Amino acid sequence: MTTRWRVLLAFQTLGVVFGDVGISPLYTLNVKSPVQEKDDVIGALSLVLYTLLLITFVKYVLVVLWANDNGEGGTFTLYSLISHHAKISLIPNQLRSDALISSFRLKVPCPELERSLKLKEKLENSLVLKKLLLVIVLAGTSMVIADGVVTPAMSVMSAVAGLKVGVDAVKQDQVVMISVAFLVILFSLQKYGTSKMGLVVGPALLIWFCCLAGIGIHNLVKYDSSVYRAFNPVHIYYFFKRNSVNAWYALGGCILCAAGSEALFADLCYFSARSVQLTFVCLALPCLTLGYMGQAAYLMENHADAGRAFFSSVPGAAFWPVLFIANVAALIASRTMTTATFSCIKQSTALGCFPRLKIIHTSRKFMGQIYIPVLNWFLLAVCLVVVCSISSISEIGNAYGMVEFGVMMTTTILVTLIMLLIWQINMVLVFAFLIVFLGVELIFFSSVIASVGDGSRIILVFAVIMFGIMYVWNYGSKIRYETEVEQKMSMDLMRELGSNLGTIRAPGIGLLYNELVKGVPAIFGHFLTTLPAIHSMVIFVCIKYVPVPVVPQNERFLFRRVCTKSYHLFRCIARYGYKDVRKENHQVFEQLLIESLEKFIRREAQERSLESDGRNDSDSEEDFSGSTLVMGPNGSMYSMGVPLLSEYRDLNKPITELNTSSNHTSHHPFDTSSESSVSEAEQSLERELSFIHKAKEIGVVYLLGHGDIRARKDSWFVKKLVINYFYAFLRKNCRRGTANLSVPQSHLMKVDMTYMYGGLCNYNFPRGLDFIASVGDGSWIILVFAVIMFGIMYVWNYGSKIRYETEVEQKMSMDLMRELGSNLGTIRAPGIGLLYNELVKGVPAIFGHFLTTLPAIHSMVIFVCIKYVPVPVVPQNERFLFRRVCTKSYHLFRCIARYGYKDVRKENHQVFEQLLIESLEKFIRREAQERSLESDGRNDSDSEEDFSDSTLVMGPNGSMYSMGVPLLSEYRELNKPITELNSSSNHTSHHPFDTSSESSVSEAEQSLERELSFIHKAKEIGVVYLLGHGDIRARKDSWFVKKLVINYFYAFLRKNCRRGTANLSVPQSHLMKVDMTYMV
């Protein structure tokens, strides 16, 4: 490390770590110091010095800093460190393979030390201890977040209050206004990061420490140097003996000298423990000691200035420069605790104890330097409320001491556990540490609690709210994970789904994201139920955060095979540490994943060749004993045991080239019968690797398994309140998985599933505007409420208008539909798909997004639009308005279901489907009748271009389909047994819909009957509801107000309004949600 780099690092250390503890002389002796005589000054100084030495130096600098997890500090780091050695997490997603990660640095307790093993066993087997430990950690973390609010308020107001010493005309209201302005500037600069801000504020804090030392030496020389007697701790006893209760109350202000001690540990992720220790001992501690001694020397002769000791003790000539430096240092101190709050929130999010938020990494060199925009502005808002509502520095100091001691006691308990479980220190030293520090902190804490006022209650309520958010999130996540584990699919169920639904293997790779680390998620069966088509290769991907700071890149992915080899189903656990930065885009992620998969397959083959494969899949899935036959949409048979492996064709080749190649050679590219010098095992390996490469070339689609939970109706009221409302609210408004994955919408499909756990008034307004003058506080509340309701309605109307206009602009053209069908090899799966959207004209863009993510659509698709018209009631026989989309053979329709504002939608989904199909049949019969009367001159009202020719596409087995006549000329009933289908094909050679059969009815009537019969058979197979959910986001170059309205206010209303699934009354087994985001 060069000298220049060491200097820069030292400046950053001062600016980031020591700001909070360095600013404490501004307010420590000002708060609750009962100074009546010189001996009281000596006693107060002795109490401050020994508190600083005992808590900050001995506890934190000498002991706690060593309880770091690979350089990470903070409350959750201690919890993570304990979880390395004992399975204390309530979410049961731990695997034995996690302990093999090199950054775990696991030290197994020695067998000789029975207490470590017994403690480990008790922690792992006792649910009560696990919950108690979690509650302690969450309570400490909530205090850290509250500290991120109080520290800026206390520091900035104390610094600005110096104006009242220099200018007599300045009042407390002006101090509050200036403090508000400084706080807004402070939080606005947070986005520039720790490195950039550290280099700027580091020199300023160095000047501040020099000022403290200089002022202290000046006052010692000028006033009274006898204050050095405070190093004798007996003066603490005399101080309490003289003042008794007042001295006890003064403890709440005395602890402020150790404020910022937790920030030393929480901000450790930015620097090494040794550098923090050396900087504190060599610079911070001497300067702080001189500063406190200088204030005490001044108070020896000026008892009346005890309420503003610091600024009164500054020499007159240096007052304004010191005031300026003090305000800069106060802003630095505020940043210190805010930065520590960011680090703590990131760690708690990774360990499943806080909702996901957007995290911005501000440094390319240091992974731990982060900025959380939502939390930053939230802390600013609460901080401004505290500053404006609590004008007393003493009251804010009391709240400050309360949150500081809450964090300190949590740290003491967790470090004690680390001493017992990991460090394995002698019991005498452990109990000495616990008794001394926890006892001292409880004494201080009792003083703070006894003087809780209205201001302190605000901070206490805020801390309780944050604790509630974290506990509800952890509890809901635990319940959701346990429910997914209980409802995971068995191999028998997978076999049953494949046989009943006629599963088709579409070319490509599907990455199904879920949170299960073991087993096949139930949402996979839901996906097959709603659309019976899966990719030729499916990988169940689980993003898992393990309790380590960093996971090496070569240990990132953990693979296991699911089912037999021919199924091409894998499970992948992508492991990240809470300090890891997921900056790779989806292409890089896919490349790394495929490379790791290939390594796993090669290693698996090598182990088998060495006859050391005795390991089965860790989830103990039952292998399939035989090949299961299923049927594709054209009636041909597929062996689900060997999907696409024995019938694979490259879709990128032209059709003519495929036909030519089939004439030149009769064996498949993967033909195992070809003679080769390599062994059969090597051939199998090469075939599988080649299959993976070809599937990767075709494309990768991300399938997000999003599982919600709902409490059962017979559940306890509190449980329903927590799960159905509080946890659901947090899930809706946290950062979505799509944003964390950085996946473009064109490669993304979201699959939802829900688990069941366990009138107008008339007012007589006064005439004129005289009533405004008499508006009081109560009236203002009603007025504000009315303005809020107006804003909600206006934002909703504005956002809905923008969203609809955007969908109209981006609707699909017929050329684009033809292009999608040709490029993706669209497969028509049996059944009816009802694609819900809000367009009344044209094909929605989300339909193309659906085809892009999974190239398979139902044999009949109806675009359904629920439209409310400005009439009270729409008659039942006028409810549905149908139009045909594309040519007749495409079986694409548009349906507008019209309702009046007085209509009640009470019908369930079966009744709705029956009414819709009956109306569709009436439309088709009327259309045929009009054509027979040569009155068909009407084209579709949307003027969609008809297809002039039939587009040939290729199915996954290499056979050709005519997209112009999908399933109409190749239809087979899936409910018939395979033997019955074969025998029926022997008895007759014509298709059930064969148009060449002689009949006495006209060709038009035959066509009508064929289409109606097709509709009936598709209805019998099943109806699936495809919800087209389009979100909008303002572009980056949009006006600030527009981005605020669209990206936050309107998005918040959309997330928390009643979902379309609830309005439709559709069961989850018939539902698939397709998301898409438009940029406006």
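Heads up, the Cβ atoms here are built off N, Cα and C, so glycines get one too.
Feature list (source: TrEMBL):
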- 9-493: domain 'K+ potassium transporter integral membrane' (DOMAIN)
- 43-67: transmembrane segment (TRANSMEM)
- 132-154: transmembrane segment (TRANSMEM)
- 174-192: transmembrane segment (TRANSMEM)
- 199-221: transmembrane segment (TRANSMEM)
- 247-266: transmembrane segment (TRANSMEM)
- 278-298: transmembrane segment (TRANSMEM)
- 310-333: transmembrane segment (TRANSMEM)
- 370-393: transmembrane segment (TRANSMEM)
- 399-422: transmembrane segment (TRANSMEM)
- 429-452: transmembrane segment (TRANSMEM)
- 458-476: transmembrane segment (TRANSMEM)
- 507-754: domain 'K+ potassium transporter C-terminal' (DOMAIN)
- 608-618: compositional bias 'Basic and acidic residues' (COMPBIAS)
- 608-632: region 'Disordered' (REGION)
- 657-679: region 'Disordered' (REGION)
- 778-796: transmembrane segment (TRANSMEM)
- 830-1078: domain 'K+ potassium transporter C-terminal' (DOMAIN)
- 931-941: compositional bias 'Basic and acidic residues' (COMPBIAS)
- 931-955: region 'Disordered' (REGION)
- 980-1002: region 'Disordered' (REGION)
Interface check, the transmembrane segment (247-266) with the transmembrane segment (778-796), three or more C-beta pairs under 8 A: no
Recorded stretches the transmembrane segment (132-154) and the transmembrane segment (43-67) touching, at least 3 CB pairs under 8 Å: no
In contact by Cβ distance (the transmembrane segment (370-393), the transmembrane segment (310-333); 3 or more pairs under 8 Å): no
Close approaches to the transmembrane segment (778-796) from elsewhere in its chain (Cβ under 8 angstroms; 6 or more beyond its ends): 1045, 1049-1050, 1053
For the domain 'K+ potassium transporter C-terminal' (507-754), mean pLDDT (0 to 100): 69
Segment proximity, the transmembrane segment (399-422) to the transmembrane segment (278-298), 3 or more C-beta pairs under 8 Å: no
Winner by Cβ pairs under 8 Å against the transmembrane segment (370-393), considering only 43-67, 174-192, 429-452, 458-476: 174-192
Ranked first among 43-67, 399-422, 429-452 for CB pairs under 8 angstroms with the transmembrane segment (458-476): 399-422
